[in-house]
Structure formats: C-alpha cells, structure tokens
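First up is the structure itself, then whatever we jot down about it.
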Amino acid sequence: MSYNQNYNQDFNNNSYGSYGNSYNNNSYGQNNYGGSYGGNSYGGGRGGSRGGFRGGRGGGFGGRRVDERVELTTPEWDLDSLPKFEKNFYSEHPDVSARSESEVQSFRKEHDMKCVGTDIPKPITSFDEAGFPDYVLNEVKQQGFPKPTAIQCQGWPMALSGRDMIGIAATGSGKTLSYCLPSIVHINAQPLLGPGDGPIVLVLAPTRELAVQIQQECSKFGASSRIRNTCIYGGAPKGQQIRDLARGVEICIATPGRLIDMLETGKTNLRRVTYLVLDEADRMLDMGFEPQIRKIVDQIRPDRQTLMWSATWPKEVQTLTRDYLNDPIQVTIGSLELAASHTITQIVEVLSEFEKRDRLVKHLETATADKEAKVLIFSSTKRACDEITSYLRADGWPALAIHGDKQQNERDWVLREFKTGKSPIMVATDVAARGIDVKGISYVINYDMPGNIEDYVHRIGRTGRAGTTGTAVSLFTEANSKLGGDLCKIMREANQTVPPELLRYDRRSFGSHIRYGRGGGRGGWGGRGRGGRGRGRGGFQSGSNGAPMGNRRF
C-alpha cells in the first residue's frame, strides 16, 4: 500500500475496507471491554472522501459519576478477538538497498552508532531515503533541517518497520522526531476515532515541561494531516485536558500520574493505543514512576508497537525492556558508559560554602560578556532556588526561578522569558529543568552539586547541544566529597583538565560508582530566612520572581 497517494484516492478506492469489516464485526464488544464498543461503533467510519481531514470525533465517556474512581486492573487479553492493525510501513529506498554491508558499517562507525538485534534495517542518510509519505516529507523540509541526525538515520527505518525498538542517545540528539514522524504515518493507517475512543498514540514523559515540548513537535509536524493531540500533566487544571480527551485526540502525551488519574476516573481509555512511546525512560524510573508505568502499559494491547528512548542504559531500564518489548532492536549513539559531551568545557572550582555567592557573580560576569548568552543555574532545593533568584535580582541580574512549587502558568511564563532572552538567567531545580530543550544555553552553573553523577551529566547536557559548544561551571565543596571520584572520571573521559584540588577527592573516593547516593550533605544557602516563598495571586510572578530588580547589570 502506498502512503504517498492522495488521501481521497486511498479512501474512495476502499483501500481501508478491511478495517471497516474488522471493526463492524463487534471485535470491541467482547468481555475485555465490557461491550463498550457495540457492533456498529465504527460502522461507515471509513466511507466517503477523507479530503485531508481526520473526522470522526471521539467523545462520550459518560455514565460515571464525576467523583467515582475505579482502580485499574490488568485485562485478560485475547489477541484473536482484537481487530488487526497495520504497523509496518517501511519500504527501503533503492539507494539504501544498493549500499554494501561495508558501507553501512563505515557509516555507523563514523557516527559512533551501535546496533543490536536481528534483521535491523540499514540506516538512511537523507530525508528522501527515509520512505516517509509526501505529506510528512514536506513538513520536514519546510522546517529547514539540513539532514537527519544520527539517531534519526537509524531510528526512522526501525520505527517505520513496526518493530519494537530501543533508542539510546544523548538529550538534544533529535529523539523526539525519531518517533514523532513515524507516529503520524502509523495514525493515518488506522481507522478513524469513534465515539468513546481514546488515543492511537501514547507518549509517556517524566515531566510536564518535556511533555509540552513533545506536544509542540507533534503539532508542528501533524498539522497537514489534521492530527489532534493533547498534553496531560499534573499541576494544571484538568478541565481543558478532559475536554480535549472527550473530543477525541489521536496523540496523547502524558506524565504517568495525571494519566492514571484520567484513566481511573473514566475520562479516557487506552483501548485504541497501538503505538506506545516511553521517552526518557531512565529519568521516569529515577523519579519513581516504575509502578505507574507498569500499570499504564498493562492497559494496552500487547501486540502494540513499543518504542523506548533513553539517554542511559541502566539495569532498571533493561528490566522494563525485557518485560514489555517483544524481540526489540536497539540503536545506541555514543558509548553506553555515562559520558559528558566533548563539546562542553567543564570547570570545577573547589571552595567553601561561603565563597559560592561571590564566585557565582564572577562567572555570571564572564558569561554575560556575550549579550546573547543564556545561563542556567542549578540549585539543590526549591528554597535555595528562590533565595538565589532574589539575591541576583537585587544585585541587578535579570534572573527568574522555576521549580515544582511554582504554579504551571508561572512556570510556562518563566520558560518563555528565558527562551526569548528577556530574562536570560534561569535558576532551577533538577526536576524542573529535566527535559527543558532551550536553544542557545551557553553556560550551566552548578551552584549546588547534584547528588549523583548521572544528574551531573544531565545538568551540563543543557549546553553544548547539537554540536555547539558550551561551558559548565561547578562549585564543589567538602559536602560533595563522595562525588569526587566519579566527577574526575567523567572529566578525564571528556579530555577536560581536572583541577589539583579535586584530585584529593578522587583518591578518597577511588573506585566509587555512586548511582543513587546523596553525596553527603549539600550545604545550604547560608541562613537567608524564609522570605520569597509566597505564590502570589495577582499574576504570574510569585515569591522570588516578583522580587524587585536592582540596577540591571547588562
């Protein structure tokens, strides 16, 4: 079946007729679903001309009290009774077929690419070779991307082939488009949504910031197909999210907690999901979401296509993979060993807690010599985040804070101010900053060191993205001594100069591989009191973000 043909021709020629029969035969009326999909749920759903518009609104989740919650249980799946669906759309381009095995291996070696599994498709080298339908290819070209990234070159053929797959690559390497574009092709091959239908594509993400960014990409590239999406996350009113689900969306991007809430209160279901994405799986597990992930995935038909994306490959992710992926193929860009990008200059200063504030200001003066610079500062706690921001603002630095105690509209506003450069200094906690993809961050400053080396690598990875250069400054105190050995190892691997003051912590921590240790006490901001914690009802700016600005430094 060609996916480059006009929609009208495809549908008027009944190329999807088999789907109509499958769904009209009451496949969803079996005990698995309690008869909620009656015999004619999809009757005539494929008739007529599609004309480029995905009609067939979902909706109608009624029949349950607003406050009624039903605990999710694992369905007993009978695959023979489920309607069949298409998931292999890959047709290898002649230029790709013509490449010899030695040429393929040379390409993979050049891009530090390793593949594991059976019958792995060859990588592509250009957008035209990917085999996308014209309506997807045109969207990509309109965005002006010069060529696919390494993960896209191998990830697209894998995803389009319908195989379960694992993609491991650094944050900022183009993973989102690696699953977003194939999902559009997948959706357009499925029957239209009917009343009461949930999404066809489900993307799980660890944080609301990352979920929103994924939604922006899906909206951008799904526009020509009129594919609808929604973003389901906590910390925001449920009303609009519920209305989106009731109207029907083909793509749902969600954080695990809020999605379970929507499922247990009957606001949506996962019966139609045939394309599942777990994005930043390592961070979701680090944040304790494994029980929620398992509960959600158990609600999805087991013959779905599952795509797992991660920046690292810890044992916990491997276990999840064995439990939920079927004969997966895997692509890794770079080393499986934890490593920092070689395009980032790492500077570590060993000092006392009382020296940190002065050193922070000195580094800000250096960073902002470039008037276009964006600086991301990490603190260990929400309180410290607010106190650093208040101090910087009083000293004339245009800083704003983002952390979990800020309301969602304020977090969105802070992120916009930072992205546009109106407030080029952002102070954040780890959870708030995870997944934030802001172009042009030139400096990352670890005012407080993280508790483990994985978080250090994730933090400094906010700069030096997509081949650009960046600088990461870390203020290291005696309280961080247990992190010393791993920090020295990361710096050496990236060919960075390890300061002599740090080497004594390397000897003290020799052989350590701290994964979840807290790295000793973190130290505090220095007894600054509790001011600046109010939420502020009069507008976006709460607490530290509403602190008065001194004479602006730059």
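The count begins at 1 with the first shown residue.
Every residue gets a Cβ built from N, Cα and C, even glycine.
Small disclaimer: the values here were computed from a predicted structure and weren't measured.
Sequence annotations record features per position, and here Swiss-Prot assigns motif 'Q motif' to 125-153. Listed as Cβ neighbours of the motif 'Q motif' (125-153) (distance under 8 Å, sequence separation of 6 or more from its ends, same chain) are residues 3-4, 89-93, 95-96, 107, 111-113, 160, 167, 169, 173-175, 177-178, 181, 184-185, 188, 220-221, 223-225, 331, 333, 466.
Annotation source Swiss-Prot lists domain 'Helicase ATP-binding' at 156-331, citing sequence analysis.
Residues annotated as ATP binding site in Swiss-Prot, with sequence analysis given as evidence: Ala169, Ala170, Thr171, Gly172, Ser173, Gly174, Lys175, Thr176. Ser173 (ATP binding site) falls outside any helix or strand according to DSSP and counts as coil.
Same-chain residues lying 6+ beyond the ends of the motif 'DEAD box' (279-282) with a Cβ under 8 Å from its Cβ atoms: 171, 175-176, 179, 203-206, 210, 214, 308-314, 316-317, 320, 434-435, 454. Marked as motif 'DEAD box' by Swiss-Prot: 279-282.
Look at Swiss-Prot and you will find 346-506 tagged as domain 'Helicase C-terminal'.
As annotated by Swiss-Prot, region 'Disordered' applies to 521-554.
The 10 Å shell around the Cβ of Lys175 (ATP binding site) contains 26 further Cβ atoms across the protein chains shown.
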